[in-house]
């Protein structure tokens, strides 16, 4: 598919060269602007004029509304199309740019002696490489080097750029330009405790035995579907250590083959060195608990290099790579425990990223994100004057996972939640959100967007997880722990479904918000809150809330809701 698009681009360039307007005739207008760099960044001056810069052009997708409609049809348990997921080529028909869009943009690039290559399956994202001086001319801007003060890392960005007026309807965004993502130097946890641990009772500590007991997961029923892959996304030099995993399994899951490990997939110079000093807390947590909970499910650790060219730390590149993969190697579940503040991205770029998750969901992959560990304060906690939603957790096409305590009956105080300022409330949660807002009244009026996509969708236990890190047992807490636990449950359900000749669950939210599913498979959480930004935050209560979502899953109840067992006896199987 990418090769066909490349051939079309080449043909379009030849045809359009003669038809293109001279550069002097193109009227330019500012397309995107921000008043200042994001907090923590300073302008360190102009880069070398000859320095090479790689830019991505996201072209207008021809029928994204049609793809949304199809996603609902294949994801709603009440639909006759439920489970009839789309192929990559079927998705591409909704996403690919029109011939007019492609030829118009190609002609403009040809005027500047530039050629583009497609870097997405549908050809809606093009890539060009050019000197900074030429990029300045192309976009009528001045790129600068910006330094992030806390980390010292530099990036080339601009505060505004322009496009030809006649092309602005054809291009969604160009990156990296006005997006300023703070480099994440390590995972953000609610707690990391490395003190010697005494054996504590479940509820006070979490390990696979406690979690399997809490959710009634039968560890004797081992998954056996080789193509039912559970993907774990790894970023920012987080490495999963095999020696730590082996030690963890020997201690926590002695019934599992001690040689059990994960498959490694690397993107854009990603790696997974095994030097013990490089072992990552986040990567180890994700790998140890997906393998430790999803017994027998094949787990793939996807390591994205630090210089992924999407300008989004690899968040978009990883999705476009998976979309292009064959269905038997593409994960049925993708778990990610990283986030950034929504406001750090331009809305158009956030939409491009969210639409990539839409595509993957339509193809049958459940995309799962942790909701954040600083309550309503995004990644900043107390230093905010308005509630900060986290992205991508607030994208309507992913499943956002908050946290509850070790007993599963109260919200964890760090559980991220709130309302998007970019994405509207999706249909699947509209009635639940309306009920919550009626109960909330005018509390926090002006601090959040009452018409935005609300999150989280669901929660899972997140406190005091025992992991092995650099050969030592430590405890960590956070939605970074909740997300892989919930992802593991979905992977186990998929294994049973596939074993019965049924498709995987795919995009989960219409299923999770379904009244029948909730009556069987979700326990409402009615206590707790998520303070932040100098407030007490939202409060958990009856029904959906922006602290715990629809509640805490009951694994056996979800099995019953899916017809995998008798709902009255599931917990005994």
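The backbone N, Cα and C atoms fix where each Cβ goes, and this holds for glycine too.
In TrEMBL, annotation is done automatically, which means it is predicted and not curated.
TrEMBL annotations:
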type	residues	note
ACT_SITE	282	active site, charge relay system
ACT_SITE	286	active site, charge relay system
ACT_SITE	480	active site, charge relay system
BINDING	524, 525, 543, 545	Ca(2+) binding site
DOMAIN	205-565	domain 'Peptidase S53'
SIGNAL	1-20	signal peptide
Length of the line joining the Cα atoms of residue 480 (active site, charge relay system) and residue 286 (active site, charge relay system), in Å: 8
Residues that sit under 8 angstroms from residue 545 (Ca(2+) binding site) by C-beta distance, when 6+ apart in the chain: 417, 436, 538, 539
Neighbours of 524, 525, 543, 545 excl. site residues, C-beta within 8 Å of centre, Ca(2+): 526, 540, 541, 542, 544, 548, 549, 550, 551
Local confidence of the domain 'Peptidase S53' (205-565) - pLDDT mean: 95
Nearest-integer angstrom distance between the alpha carbons (Cα) of residue 524 (Ca(2+) binding site) and residue 286 (active site, charge relay system): 26
Cβ-Cβ distance under 8 Å to residue 525 (Ca(2+) binding site), same chain, at least six residues away: 404, 408, 409, 410, 411, 459, 540, 547, 548, 551, 552
Residue 545 (Ca(2+) binding site): secondary structure state under DSSP, collapsed to three categories: strand
Spatial separation of residue 286 (active site, charge relay system) from residue 543 (Ca(2+) binding site) - C-alpha basis, Å: 29
Cβ neighbour count within 10 Å of residue 286 (active site, charge relay system): 30
Cβ atoms near residue 543 (Ca(2+) binding site) (within 10 Å, other residues, all chains): 16
